[in-house]
Amino acid sequence: MTEKLGILAIGHGSKLPYNKEVVSQIADYIAQKHSDVVVRAGFMENSEPTLEEAIAGFAGTGVTKIAAVPVFLASGVHITKDIPGILSLDEKGCGILNIDGKDVPLCYAKPLGADELIADLVFKRVQEAL
């Protein structure tokens with residue numbers, strides 16, 4: 001059986017539209033660059049789709065495994081407690097989702113964190129500001 005990857009891009013959410021737009025655009029960029037991957041965006045609060053709704057969006061796609069990645073810079077309560085609770089993750093950051101009547105393994109990725117790519121982007125924004 002061929003593996004089909006799903007990616008759940010998790011955003012914080014906001015009452016203002018820009019947070020949803022940024023996370024959704026990042027999810028779209030991933031989907032455009034990796035056309036063989038099914039990408040969905042979901043949000044913790046104040047934005048839709050919720051995480052549960054985004055997970056339901058994998059129905060009918062044939063995904064055989066899902067990676068959930070928080071589009072956050074650093075760990076906090078949402079990353080360490082709330083999201084793992086919503087996704088019913090074990091202590092290793094793994095879980096099982098039922099999609100189309102099948103058990104689909106889910107793995108939880110780290111937040112973006114300190115990375116040279118982030119540093120390059122920060123420097124790019126500085127150059128744009130000057």
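Quick reminder: no glycine exception, Cβ is built from N, Cα and C everywhere.
All chains included, 18 other C-beta atoms sit within 10 angstroms of the C-beta of His78 (Ni(2+) binding site). According to Swiss-Prot, the Ni(2+) binding site annotation covers His12, His78.
Feature annotation from Swiss-Prot assigns Co(2+) binding site to His12, His78. Under the three-state DSSP scheme, His12 (Ni(2+) binding site) falls in the coil class.
Taking the Cβ of His12 (Ni(2+) binding site) as centre and 10 Å as the limit, one finds 17 other Cβ atoms among all the protein chains shown. Among the features that Swiss-Prot reports, active site, proton acceptor is placed at His12.
Cβ-based neighbour count (10 Å, all protein chains) for Ala74 (substrate binding site) stands at 11. Feature annotation from Swiss-Prot assigns substrate binding site to Glu48, Leu73, Ala74, Ser75, Gly76, Val77, His78; the stated evidence is sequence analysis.
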- Across every protein chain in view, the count of C-beta atoms other than its own within 10 A of the C-beta of Glu48 (substrate binding site) is 11
- Item | Most distant Cα pair in Å, residues Glu48, Leu73, Ala74, Ser75, Gly76, Val77, His78 binding substrate | 22
- Task: Give me the non-local Cβ neighbours of Ser75 (substrate binding site): same chain, 6+ apart in sequence, Cβ-Cβ under 8 Å, ordered along the sequence.
- Result: Lys110, Pro111
